[in-house]
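Report on the following structure.
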Amino acid sequence: KPQLVASNDRFCRFLEEYCPVVTETYYPTVWCWEGRVQTLLRPFITSRPQVQYRNELIKTADGGQISLDWFDNNDSLYYPDTSTRPTVLLLPGLTGTSKESYILHMIHQSETLGYRCVVFNNRGIAGEDLLTPRTYCAANTEDLEAVIHHVHSLHPSAPFMAAGVSMGGMLLLNYLGKTGRDTPLMAAAIFSAGWNVFESVESLEKPLNWLLFNYYLTTCLQSSISRHRQMLEKLFDMDLVMKARTVREFDKQFTSVMFGYRTIDDYYEDASPCRKLKSVGIPVLCLNSVDDVFSPGHAIPIETAKQNANVALVLTSCGGHIGFLEGIWPRKCTYMDRVFKQFVQAMFEHGNKIFSM
């Protein structure tokens, strides 16, 4: 059974009644239960539900643009009125977009419940041009704030939640820690977030983890900015950036410089959601596996979470990073998908009961 960490008895009782999956035993796929194997295989094993998006480009205050992919769910039987149709904002991982299989599965789950989804693609990632020499990072929440304000302004009467995966979850937590209760979001779900960036990069620099994940992730980051090289060369030594062989080296030469941090340690401290967890002011459910090499179990802020009545952690012993595969042939629904579906449904349909239980 997963470990459920929450200081608020009412929140616990609410989850046990309306999101019972968090109390059920999670049985990982028997032939790939180890965390690194789950992490590596999930993108290849899981299916990719067909989703038809409507793209929207919005302008930012600094002259940039952000690509949003909407799944309007206009065939929703449960919520035919578009003005009050519940909306879920989805934040993919570090180099992820609306095309990731885990995002497609979240949209598929939301579709069956009648909800609308919108995917926040970080700048320069989803095929759109960079209009300014700026991309994104886990610590800077300005673009996310602009997107949340924009989506809420379009549908002010619609219940509004967000779900973030990996770096998307870190960004969402950092936003919630900054805004407290002053947000149009009623709740949030976080999956496989890296809680302490220092611990995450140290784990990823262990020899086997570097070979399996770190080098590949670094090349993905480099690839994501290479097509914007002409724009970025105005501010960066791109030859030096392209020589990075670890995420830490990339962040030192590129990310921390772009966002004005004096040192990479200053950036990593600001990017670590564990520092802001006490300030979260809305109900948040966070799912992590303790065998996740991207977010090692010893770095999960259990004691800090116990100090905030709005926070619940669900910790599994297996599952890896955005893995959570289950069943003999885990092509369709994962444990993570089931947690997402039950929690968003619980909040949209029974969220007002948290404070009365």
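Using the three backbone atoms N, Cα and C, a Cβ is placed for every residue, glycine included.
Look at TrEMBL and you will find Ser166 (among others) tagged as active site, charge relay system. With a cut-off of 8 Å between CB atoms and residues at least 6 apart in sequence, the same chain places Pro92, Gly93, Leu94, Gly96, Phe191, Ser192, Ala193, Gly194, Phe294, His321, Ile322 near Ser166 (active site, charge relay system), listed in sequence order.
Here TrEMBL flags Asp292 (among others) as active site, charge relay system.
The active site, charge relay system annotation in TrEMBL covers His321 (among others).
The domain 'AB hydrolase-1' annotation in TrEMBL covers 86-327.
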Chain-internal residues, separated by at least six, CB under 8 A from Asp292 (active site, charge relay system): Gly35, Thr39, Ser192, Gly319, Gly320, His321
